[in-house]
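Features of the protein shown, as given by Swiss-Prot:
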type	residues	note
ACT_SITE	Cys86	active site, nucleophile
ACT_SITE	His194	active site
ACT_SITE	Glu196	active site
DOMAIN	3-225	domain 'Glutamine amidotransferase type-1'
Amino acid sequence: MKFAVLVFPGSNCDADLYHAIVDVCHEEAAYVSYTATSLAGFDAVLIPGGFSYDDYLRSGAIAKLAPIMTAVVAFAKAGKPVLGICNGFQILTEAGLLPGALLPNRQTHFICETVTLQVENNDTRFTNQYAKGATIALPIAHGEGNYYCDPETLAQLHANHQIAFTYTTDVNGSLDNIAGITNEAGNVLGMMPHPERAVEVLLGSADGLGVFQSILTTLKSGVVTHGE
């Protein structure tokens, strides 16, 4: 399986994602520039964290206009897996691939710590290697991770089981403690915590490895989940 790791000006977690796929999961990955226009030959797309375009205007607001994003939208609409982490989540909401928005943290400052999450739905391409209701520890590092959407959208997220992860405590003001959501089809996931920083026990936790193992399990089995 081959993963595309996107790189925007200001991305700073792309190497961590590459390491998680190549060195830990022993799969193939390649960096793909924001100037590229094709994702041919890739099985999954990973959009890393960082500060794309220095978060100018709004986190992800300029990145959504990069040439590669046209290909990402087409890739997602074709039902292929797309994972956006931290700034990647922000980019996905700006691009309209996920509902809602990421607002400044309620505390109005950057938060960098390890938090506890609960797996709300394990019937997705990204969570099938976790038990439903399991708690996992993942790092966060963001200033704008406060998930918000209108009441109708929030009701739809719950009704469609699109909430993949929640924080077990109120970390940043996110509605219903939402930490990660999928699109309605289930092939796009955005999450603020960093699973790629928790794939080796040596570094404190391997709880994030399940996200990548879940993607691989689905790709290799050819079985899709969550409404596909």
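Heads up, residue numbers simply count up from 1 along the chain you see.
The backbone N, Cα and C atoms fix where each Cβ goes, glycine too.
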Review point. Expressed to the nearest Å, what is the distance separating His194 (active site) and Cys86 (active site, nucleophile) at their Cα atoms?
Key: 7
**Study point:** Per DSSP, three-state class assigned to His194 (active site)
**Key:** coil
Exercise for review: Might you list, by sequence position, any residue in that chain lying six or more from Glu196 (active site) with a Cβ less than 8 Å away from its Cβ?
Suggested key: Cys13, Asp16, Leu17, His19, Ala20, Pro48, Ile85, Gly208, Phe212
Practice item. Sort out the sequence-distant neighbours of the residue listed as 'active site, nucleophile' for me: same chain, 6+ apart, CB within less than 8 Å of its CB, listed by position. Key: Cys13, Pro48, Gly49, Gly50, Ile140, Ala141, His142, Gly145, Met191, Met192, Pro193, His194
